[in-house]
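Structure, as structure tokens:
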Amino acid sequence: MALSMSGIVAVLMVLSLAPLSLGGGYLCPEYYDKSCPQVKEIVWSMVAKAVAKEPRMAASLLRLHFHDCFVKGCDASILLDSSGSIVSEKGSKPNKNSARGFEVIDDIKAAVEQACPKTVSCADILALTARYSTVVAGGPNWEVPLGRRDSLGASLSGSNNDIPAPNNTLPTIITKFKRQGLDVVDVVALAGAHTIGFSRCTSFRQRLYNQSGNGLADSTLDESYAMQLRWGCPRSGSDDNLFPLDYVSPAQFDNYYYKNILVGKGLLNSDQILFTKSATTRQLVELYAANIGIFYDHFAKSMIKMGNITPLTGLEGEVRTNCRRINSS
């Protein structure tokens, strides 16, 4: 059933009152104020430097936080390399040849360890990095609740099954969000992260050539836009060719992602179906396309909510000294 605009506002009021943790212990922005007061400045400066060197890195770092939180919660499991009994999430379908920015996280962690040894978790570094990647790209700012600890393992199956995929149906995407304690408002607001960054040809080729198994392109895709995409994304090969998720301003965190969807120029199937498959999500797309301030506000609230999915706290997990491996390995 579609929500009225008043209904959407009511949902958002509930969202704004969401607790700081969807499971586990309590997190707070001041967690490191005494033990590592310089951590935010260190992360900010190093993210800014990395994005200045390569603008695409803002989207890559933001995406790491998404892909971490949707698998066993926000516990830095995505950063672990395979070793011993650990099978890395980096080899999963959503991450293989796609997830990137690990070296930037390594550099940030090394700098933080030098300043504050064995104090700041990799999970919190990912959360702060997501915030500053958004800000440096021109997007909203928010206070990041801190105090997460790092996992002692990874989940390849969780990474393969729990992360929303470009060709998932809208009900499947919504269900995957609901499993994490996130709602339909979070679905549409967090999709706005696609206002920056790139996607590979293999992630949307089906829309260009065989969307429904009948050899035809996706009818909801603007034909002139489809023709442009076909030049660099043929029927076979060129899987890793990159295309901007927001062709208007791929390095600027704005609301053109939603404006593009309104005219049939969402790149991924999972983008365009927000407009075509549900009156509720369509209303939110239209709202964010019309009002960037509301989008920024809702995106920040949803990022806080997502960042607090089942964190490890207290004596759970550990604080890794190297984000790629557990301390005992």
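Glycine residues also receive a Cβ, built from the backbone N, Cα and C atoms like all the rest.
Each of C28, C36, C201 is a candidate, yet TrEMBL gives the disulfide link of C116 to C36. Within the set C122, C201, C233, TrEMBL assigns C122 as the partner of C323, by disulphide bond. For S77 (Ca(2+) 1 binding site), the same-chain residues lying six or more positions away in sequence with a CB closer than 8 A to its CB are D68, V71, E89, S151, G153, A154, S155.
Cα of C201 (disulfide bond) to Cα of D246 (Ca(2+) 2 binding site): a distance of 14 Å.
Nearest by CA distance to D254 (Ca(2+) 2 binding site), out of the recorded positions C36, R63, C69, C233, C323, is R63.
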